[in-house]
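A.B. asks: Below are the structure tokens for one structure; questions will follow.
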Amino acid sequence: MLFVCQEILTIDFQTVFSCFRYKLEVVGKSLPILTNVDKGKYGVIVFENMDRYLTMDKWNRELLDKYCRQYQVGIIGFMSPREESLIGAQLRGFPLHIHTNFKLKDAELKADSPVLRITRGGDVLWGPLPGNDWTVFSPNHSTYEPLAMGSIQAPEDSPAYGGLSTNAITVIRDCGEFDGIQRILFGSGLDFWLHRLLFLDAMSFLSHGRLSTSLQRYIQVDIDDIFVGQKGTRLTPSDVDSIIETQNRIRTIVPGFRFNMGYSGKFFNHGTEEENKGDEYLLQHADEFTWFGHMWSHQQPHLYENISLLEADMLLNKKFAIEHGIPTDSGYSVSPHHSGVYPVHEALYEMWKKLWNIHVTSTEEYPHLRPARLRRGFIHRGIMVLPRQTCGLYTHTIFIDKYPGGRSTLDSSIKGGELFQTIVFNRINIFMTHMSNYGNDRLALYTFEAATKFLQCWTNLQFQSISALQLAEKYFRMYPEESEPVWGNPCDDQRHMKIWSQNKTCDQLPRFLVLGPQKTGTTALYTFLSMHPAIVSNYPSPETFEEIQFFNGKNYYKGLDWYMNFFPVPKNSTSKFLFEKSATYFDGELVPRRVHALLPKAKLVIIIISPAKRAYSWYQHVRSHGDPTALNHTFYQVLTAGDAQSKALRDLRFRCLSPGMYAHHLDRWLLYFPPQQISVIDGEQVRLDPVTSMSKLQHFLKIRPIFDYSLHLRYDARKGFFCQVVNGDHTKCLGRSKGRHYPTMDSQSAKYLQSFYMTHNIALEKLLKRLGYPIPLWLEEDLSDRPVNNQAVEMSNSL
Ligand SMILES: Nc1ncnc2c1ncn2[C@@H]1O[C@H](COP(=O)(O)OS(=O)(=O)O)[C@@H](OP(=O)(O)O)[C@H]1O
């Protein structure tokens with residue numbers, strides 16, 4: 001874990017941190033708790049403004065320094081720009097002097113410093129350094145070692161600093177000889193790219209390797225749109241030769257490197273005479289490269305009217321490849337404009353698998369194009385989708401003098417800028433380029449050769465290229481948590497809308513959800529809601545009846561289309577409220593995050609009754625479904641199953657008790673949704689006075705017209721519950737499985753549950769009060785014998 005003391009977010013730490021997984025705590029005025037039992041919580045402490053450390057109050061400073069010494073934790077500090085120019089000012093309490101507000105040039109590193117890991121010293125970065133408010137250091141003690149140096153620009157203007165004019169120290173290491181704490185101090189922020197590298201190294205060094213990223217980097221460069229393109233933008237034979245020569249040179253830095261050619265066969269030989277020779281010449285050298293099918297006519301998959309047309313076009317490209325000796329077994333493909341990859345177009349995945357045996361693809365769009373550092377991968381239907389990086393070359397970037405911002409912009413991206421940092425901060429890099437970037441000025445060749453050389457000069461990173469399949473396997477081994485997709489709402493992103501299927505609409509998504517938990521009256525609520533003329537429920541599922549059960553369990557992997565197909569396309573989307581209820585959503589660990597990703601504006605309805613009553617009703621429910629473990633054990637045996645009992649029995653206990661820990665689950669929903677979007681309903685009121693409950697619910701949902709439930713619900717004495725009024729005088733009640741008849745709960749179990757749920761119920765009472773809800777009667781009763789002063793509850797209340 002990393003603890004960053006920030007004032008205002010002026011330093012862009014996020015980009016730098018993106019290359020490893022970490023936990024970061026940003027701290028304001030007071031210190032956080034530094035230890036956890038007898039372990040130190042933080043591996044490195046970073047002060048965005050070193051003055052905050054230097055001027056810390058005595059007590060906190062002593063505490064922090066003691067922590068650093070005891071757990072051998074180092075400090076990184078950044079010198080903030082200051083208005084007044086200081087000359088030789090002593091750093092409070094340290095034998096170190098600073099001089100401020102310099103313009104510097106010609107950066108250099110102390111090549112033999114043990115701090116350097118990713119960063120390689122030995123060369124000079126000629127030219128001015130960014131910023132005009134650098135702080136430089138003059139040490140006065142052997143504890144200090146320079147780490148980076150620069151020369152003062154125009155030393156003649158600053159005679160007082162004559163001695164500093166060359167090799168002014170810009171980053172300094174305190175080896176800990178002075179006060180037992182190791183520190184690395186930066187004379188400027190992270191705007192300078194070399195500081196970003198040094199910062200990574202400083203973290204690794206001061207955390208004794210714990211906050212480190214691997215030195216291995218994988219690079220794949222795709223050339224999409226092979227054969228696509230206007231006359232004059234295509235490849236000639238000499239361009240192809242140049243690609244091969246450059247690739248050979250890059251391979252000396254990146255073993256295994258080959259450009260990965262994505263072709264659209266329809267446009268083969270569609271150029272000038274010379275370009276057509278280029279097409280033929282490229283194929284004669286097919287074995288110099290790796291290949292993947294793009295799309296026969298470069299059409300975006302989501303634009304095909306039906307799957308057969310998509311299939312036919314894919315087959316044409318495959319036939320073309322076979323006829324022209326292009327290998328078709330890479331298992332990798334890329335879709336034009338990312339179409340259909342994310343948001344998912346199922347037909348694309350289906351045909352990729354069926355016709356091309358595709359296992360890997362890549363996109364820039366998951367979860368969104370920007371910010372690039374947050375791009376992730378996922379696996380859908382066995383196809384591994386890898387994040388793709390951007391290198392600044394697009395179809396239209398053909399000539400250097402027309403490069404947006406000019407040559408200097410491209411050069412600064414290569415030399416320490418965006419492209420350079422992309423490779424430093426991403427362990428696996430897949431770049432998309434286009435055929436046109438390799439003709440004319442051959443910008444892509446220049447870009448990748450210069451970038452790899454610059455990386456080789458300034459870093460110790462080790463580069464390699466491997467097959468797309470190996471790359472994907474490596475990626476998901478590195479980041480296993482990314483295998484699981486998180487489906488977002490395509491309508492929240494303009495770009496996603498454009499590459500989603502044209503005949504899909506977000507109007508086919510629910511506006512509110514009934515989350516459960518099970519056995520609290522969710523079916524009654526669902527039925528009553530469905531009676532409303534403005535409310536439309538989902539179609540039933542053949543397996544799970546009225547519940548879709550999408551956000552929990554396996555159905556989630558079936559994808560968004562599968563989910564949306566449960567909803568009608570409303571004719572007038574604004575006046576209809578689509579909804580679904582799945583009672584297992586409430587206590588599902590992953591559900592709040594998933595619901596939030598897809599339906600961030602949805603309203604959520606939760607219905608609760610006494611958790612003890614709920615648990616007993618659930619036990620009766622699983623018994624009536626023939627669950628052998630429930631049938632063979634009494635309720636009390638289920639509740640008290642301990643470690644010595646079978647797994648089946650322990651699982652049953654968990655599933656019986658866990659949903660009733662209401663506050664715990666509600667808290668998880670509140671991490672993702674504001675309280676205004678959540679309504680917690682008293683299930684006893686739904687049972688005894690559904691008209692009032694439904695009236696409150698309609699107000700919460702802001703549904704119009706208001707439906708008068710008093711005319712449509714009536715108590716049915718035979719059923720013992722409220723039922724729907726049909727055909728004037730009759731009632732239609734819920735089936736026999738709702739409102740079952742079973743013996744009342746035994747007193748031993750009741751006592752156990754009273755105790756088990758006590759702390760949970762206390763937490764619920766607190767939470768409901770905080771959210772402004774009245775306390776239900778059953779909760780008051782369940783809490784009636786609460787321990788005095790909330791003493792520890794006797795029996796176990798954990799699972
Ligand atoms: N109007 C009406 N009709 C029938 N049943 C009603 C009604 N209102 C509330 N209840 C109570 O709902 C309990 C079933 O809860 P759920 O529908 O949430 O169960 S499930 O999770 O969907 O299986 C069910 O639990 P049991 O009594 O244990 O069967 C009922 O007590």
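Even glycines carry a Cβ here, placed using N, Cα and C.
Remember, it's a predicted structure, so these values are computed and weren't measured experimentally.
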A.B. asks: Given that TrEMBL annotates Lys738, Gly739, Arg740, His741, Tyr742 as 3'-phosphoadenylyl sulfate-binding, name the residue from Ser582, Ser610, Ser617 that shares the site.
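C.D. replies: Same 3'-phosphoadenylyl sulfate site in TrEMBL: Ser617.
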A.B. asks: I want to verify the bond table. Which candidate from Cys656, Cys723 sits on the other end of the disulfide that TrEMBL records for Cys733?
C.D. replies: Cys723
A.B. asks: What recorded positions in the list Lys519, Cys723, Cys733 lie within 10 angstroms of Ser617 (3'-phosphoadenylyl sulfate binding site), counting C-alpha atoms?
C.D. replies: Lys519
A.B. asks: Please name the residue among the recorded positions Lys519, Lys738 whose C-beta has the most neighbouring C-beta atoms within 10 angstroms.
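C.D. replies: It comes out as Lys519.
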A.B. asks: Relative to ligand 1, which of the binding-site residues Ser617, Gly739, Arg740, His741 have a Cβ found under 6 Å from one of its atoms?
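C.D. replies: Correct list: Ser617, Gly739, Arg740.
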A.B. asks: For a quick check of understanding: among the binding-site residues Arg740, His741, which residue's Cβ has the most other Cβ atoms within 10 Å?
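C.D. replies: Buried the deepest by this measure is Arg740.
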A.B. asks: Since the record lists Cys723, Cys733 as disulfide-bonded residues, which of them has the fewest other Cβ atoms within 10 Å of its Cβ?
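C.D. replies: If we count Cβ atoms within 10 Å for the disulfide-bonded residues Cys723, Cys733, the smallest count is at Cys733.
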A.B. asks: Which of the recorded positions Lys519, Cys723, Cys733 has its Cα closest in space to the Cα of Tyr742 (3'-phosphoadenylyl sulfate binding site)?
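C.D. replies: For Tyr742 (3'-phosphoadenylyl sulfate binding site), the closest Cα among Lys519, Cys723, Cys733 is found at Lys519.
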A.B. asks: Give the distance between the Cα atoms of Cys723 (disulfide bond) and His741 (3'-phosphoadenylyl sulfate binding site), rounded to the nearest whole Å.
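C.D. replies: One finds 17 Å between the Cα atoms of these residues.
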